[in-house]
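Everything below concerns the one structure shown next.
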Ligand code: ATP
Ligand code: MG
């Protein structure tokens with residue numbers, strides 16, 4: 001017990017021992033929320049004697065859940081199963097594995113990522129003899145995403161056996177989407193949206209399933225709660241109903257997924273959803289120097305829609321935050337790399353350095369400099385390890401052995417070449433459709449058919465059949481090795497001579513072995529495959545002494561001693577879209593993103609940008625966020641003409657002014673207004689299309705849309 005509370009301040013300790021009821025912790029970045037959450041989990045297990053199988057701990061990314069598992073294991077000992085320290089999606093997979101058969105899907109359903117979806121669509125386009133490019137692909141996927149915004153389609157498709165059509169899909173798109181859904185069902189594939197939706201339908205249709213989980217999960221806790229969407233919020237709300245123990249931590253200032261449906265109101269209004277909520281505030285920052293903290297605080301204060309928090313730190317003073325301005329991107333990158341080398345000369349390690357950026361493409365010029373300086377680096381969340389062709393191929397072999405699904409089949413049947421090209425595939429698909437069989441079954445059935453006889457199909461079948469027999473006797477890692485040899489895939493890659501691909505395959509094997517060591521020998525092939533499909537990035541590179549490159553979104557919740565935020569340019573951050581929308585809301589989300597970036601730094605922080613032109617030909621200016629804090633907060637390095645600064649400020653002022661004048665013909669966002677019935681409130685937003693203000697009245701729980709033509713709305717001066 002001592003051990004669990006050691007190294008925590010009073011408020012954190014209170015959070016740890018508050019195990020019963022509805023509790024929220026609201027606190028700024030680096031205040032020890034995640035640390036408190038981790039210790040609380042251990043407290044429940046060690047001090048309350050609750051089995052980890054009865055505690056759900058939701059984290060935001062796989063990386064975060066790995067990290068939390070690692071820390072928890074240190075506190076509670078390595079033996080216990082910590083499978084319920086997971087993401088929302090990871091949890092849904094657990095639920096579905098137990099009960100998805102009620103929706104007529106097998107336990108071994110497949111999880112589809114964007115790449116898989118693309119393959120399915122490509123086949124449909126081929127069969128319909130249509131052309132497809134990235135744009136059509138995106139359009140169709142958007143429409144599918146929209147259709148999956150609620151659960152009706154699951155009810156319709158699974159329970160009533162009908163095919164839903166999206167409302168606004170034109171005829172052809174509608175047909176494509178129908179075919180897509182059919183195919184998806186045939187391979188028993190679920191995409192990320194489906195995972196949550198299927199769980200909802202399961203819970204609605206089968207009360208006993210919901211009750212089982214409500215019974216089981218005595219304690220539920222959620223990290224980064226400010227980024228939960230309505231569905232995710234509904235999920236934990238439902239699950240916690242029986243025992244009434246829900247603990248959430250978050251920082252509304254770090255909401256950066258509004259564009260994907262996150263809504264900080266579940267955090268901010270938590271007490272209105274759950275009566276008797278206890279709220280704990282943490283106000284001491286343990287992560288950063290006073291310089292970094294005060295700069296971050298000063299920036300986020302520019303947001304209008306927020307609750308002010310006063311963060312303090314007792315950390316020793318450090319150096320000023322640096323703003324570097326370069327004459328070109330190359331100069332910017334060169335300066336950064338040089339500074340990194342200096343840091344290392346003075347005792348830092350490359351692994352302590354992180355480079356953060358708003359969008360993936362910005363990593364390129366830094367990468368070039370790192371390469372020429374011979375500095376090792378790792379990119380997180382960019383081109384993902386599990387997205388690489390050879391990794392997907394290898395996993396498809398495993399999936400083929402486990403599920404014999406059409407997707408894996410199509411992926412590997414002709415790699416290495418077995419003379420099964422487009423024509424023969426179309427033949428197979430036609431026969432499969434006609435006989436109601438999977439592609440693999442069809443191949444076996446027609447193996448002596450004229451069109452297939454002289455192909456390499458038979459040896460493929462032999463390999464797969466043998467592997468299927470070996471499946472239960474071998475560990476997953478062993479099975480993979482067998483598969484790579486028997487199917488000839490490894491030999492094929494060797495002949496190909498691409499060493500990097502071979503290295504990646506070895507690395508995959510290595511990661512499976514590691515997985516087996518942490519999970520124990522009980523790891524089922526199917527379960528492994530499902531978990532691996534959820535990976536967005538992973539922590540396999542953490543051991544390397546390499547500089548880390550990642551987007552700000554990926555850096556959420558993490559911390560590094562030395563942080564470089566690059567490309568701090570108007571139009572990049574805040575990004576063009578936010579500026580173009582001219583919505584205060586969008587701009588504020590950008591500012592929160594900047595705040596998340598700044599608060600990742602522990603010791604030294606560098607904000608960099610450079611002159612030049614952007615893609616669209618627009619001149620580059622330093623981001624407005626740099627001007628929003630006091631001059632003295634920065635140490636300025638790099639020559640910057642006063643005229644450029646003036647020009648930038650003028651540009652920002654103009655765009656701001658324009659945004660205000662475009663937004664409204666009457667009142668502005670942020671104005672206080674009074675209404676004859678609802679009383680006084682604040683204008684949160686303006687809906688141009690519907691010509692309404694969104695007004696949050698002080699005494700109401702949710703905002704109201706009020707017509708801009710409504711005469712009785714009056715401005716109040718306070
Ligand atoms: P974020 O909002 O960025 O997710 P957080 O509130 O979750 O931040 P943590 O990551 O839990 O913050 O903690 C930040 C750092 O401070 C970590 O290195 C953590 O180990 C350390 N820390 C937390 N609490 C204490 C404490 N009471 N004493 C000393 N160090 C602490
Ligand atoms: Mg955290």
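From the backbone N, Cα and C atoms, a Cβ is placed for every residue, glycine too.
Annotation source TrEMBL lists ATP binding site at 27, 28, 29, 30, 31, 32, 33, 34. What TrEMBL records for 6-289 is domain 'UvrD-like helicase ATP-binding'. Sequence annotations record features per position, and here TrEMBL assigns domain 'UvrD-like helicase C-terminal' to 290-557.
Those same-chain residues not listed among 27, 28, 29, 30, 31, 32, 33, 34 yet with C-beta within 8 angstroms of the centroid of the ATP site C-beta atoms are 251, 282, 285, 286, 287.
Across the binding-site residues listed here (31, 34), the residue whose Cβ sits among the most other Cβ atoms within 10 Å is 31. The DSSP secondary structure for residue 33 (ATP binding site) is helix. Highlighted here are the binding-site residues (28, 31, 34) whose C-beta falls below 6 Å from ligand 1: 31, 34, in sequence order. With a CB cut-off of under 6 A applied against ligand 2, the binding-site residues 27, 31, 33, 34 are reduced to 33, 34.
A C-beta separation below 8 Å, combined with a sequence spacing of at least six in one chain, links residue 30 (ATP binding site) to 285, 286, 287, 288, 293, 559, 599. Same-chain residues at least 6 positions away in sequence with a Cβ under 8 Å from that of residue 29 (ATP binding site) are, in sequence order, 251, 253, 254, 285, 287, 296, 595, 596, 599. The Cβ neighbour count for residue 28 (ATP binding site), using a 10 Å radius and every protein chain shown, is 26.
Sequence-distant neighbours of residue 33 (ATP binding site) (same chain, 6+ apart, CB under 8 A from its CB) are 25, 27, 223, 249, 250, 251, 282.
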